[in-house]
Amino acid sequence: MKVLGIETSCDDCCIAVVENGIHILSNIKLNQKEHKKYYGVVPEIASRLHTEAIMSVCIKALKKANTKISEIDLIAVTSRPGLIGSLIVGLNFAKGLAISLKKPIICIDHILAHLYAPLMSSKIEYPFISLLLSGGHTLIAKQKNFDDVEILGKTLDDSCGEAFDKVAKHYNMGFPGGPNIEQISKNGDENTFKFPVTTFRKKENWYDFSYSGLKTACIHQLEKFKSKDNPTTKNNIAASFQKAAFENLITPLRRAIKDTQINKLVIAGGVASNLYLREKINKLKIQTYYPPLDLCTDNGAMIAGLGFNMYLKYGESPIETDVNSRIENYKNQYRRRK
């Protein structure tokens, strides 16, 4: 079965063709560079650019896959969570294709798709612990199947990727913040500033994260946390911030691994491409899986791959399915399917 996967939840216009949930025939992505001068994604600009680009991206994906549109068996599309305007462009495009081609459509949860992505490159037996790190989400999950996901912990304020973006914006390091800070930090001393690392002691927040304190310390209280007589350079700020940002993840992650007795870890999301993070995670000395770099960030392949499995198990989505920008009752919603 050939699945067309459409992902437009934020600023990347992504369309892929995947066969039988795992064989990637094409995986086309168009980055919207127009947001760089704003140091963040402007929703109105994102949706307009999706509208302008989505047809050409689809044509490129089909051509790369050597597949005619009539040979597509299923259309999978992100319907939540994300920017409303961007989601609408992708969903309406998918609905138009489904109706005109008389093909089934399956609406996909963006978070579940990120958690599925590592399975497209590695054979991983359930259960395992997943760590999702992206511009919009930071969470730890226990996975028993592609559709049986229990959120153990999440960020209580900024996501990890969002904190990187805000620090990078303040110090003019470029957008997106993650890859720019990673590059700039290579020539810095990570011990110049000793930024705070947040861990929670209450049971209800045992696996949760917080990045607001670290962000405030780095942007507004920089000199207060200086621990070495090194110059206050962008390189040293970037290196010290990156170190603290990833140390913020380690304690909740250790707790989740210990409490669940699950010794397999899957890392997903755009921040998972950070090589410094991978060094930190590898020190945990447990079996760890990373998706290839093109499956870390937003992509259509993960939508198509998960869509294939969801369709086989649950069938097609109602054509009237709408978009949703958020997940209400966040921690509990992901156990909705049994």
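Note that Cβ sites are derived from N, Cα and C of the backbone, with glycine treated the same way.
Under the three-state DSSP scheme, HIS114 (Fe cation binding site) falls in the helix class. What Swiss-Prot lists as Fe cation binding site is HIS110, HIS114, ASP298.
Close to ASN274 (substrate binding site) in the fold, though at least 6 residues off in sequence, lie GLY178, PRO179, GLU182, GLN242, PHE246, each with a CB less than 8 Å from its CB. Among the features that Swiss-Prot reports, substrate binding site is placed at LEU132, LEU133, SER134, GLY135, GLY136, ASP165, GLY178, ASN274, with the record citing sequence analysis.
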What's the CA-CA gap between GLY136 (substrate binding site) and HIS114 (Fe cation binding site) in angstrom, rounded?
12
Which Cβ among the binding-site residues (GLY135, GLY136) has the fewest C-beta neighbours inside 10 Å?
GLY136
Those binding-site residues listed as HIS110, HIS114, and which of them has the most Cβ atoms within 10 Å of its own Cβ:
HIS114
Which residue, out of the binding-site residues ASP165, ASP298, shows the minimum number of other Cβ atoms inside 10 Å of its Cβ in this structure?
ASP165
Specify the nearest of the binding-site residues HIS110, HIS114, ASP298 to GLY135 (substrate binding site), where nearness means the distance between Cα atoms.
ASP298
Inter-residue Cα distance where the pair is HIS114 (Fe cation binding site) and LEU133 (substrate binding site), in Å:
9
Long-range neighbours only, meaning 6 or more apart in sequence with Cβ under 8 Å: which ones does LEU132 (substrate binding site) have?
ILE111, HIS114, LEU115, THR138, LEU139, ILE140, ALA141, ALA268, GLY269
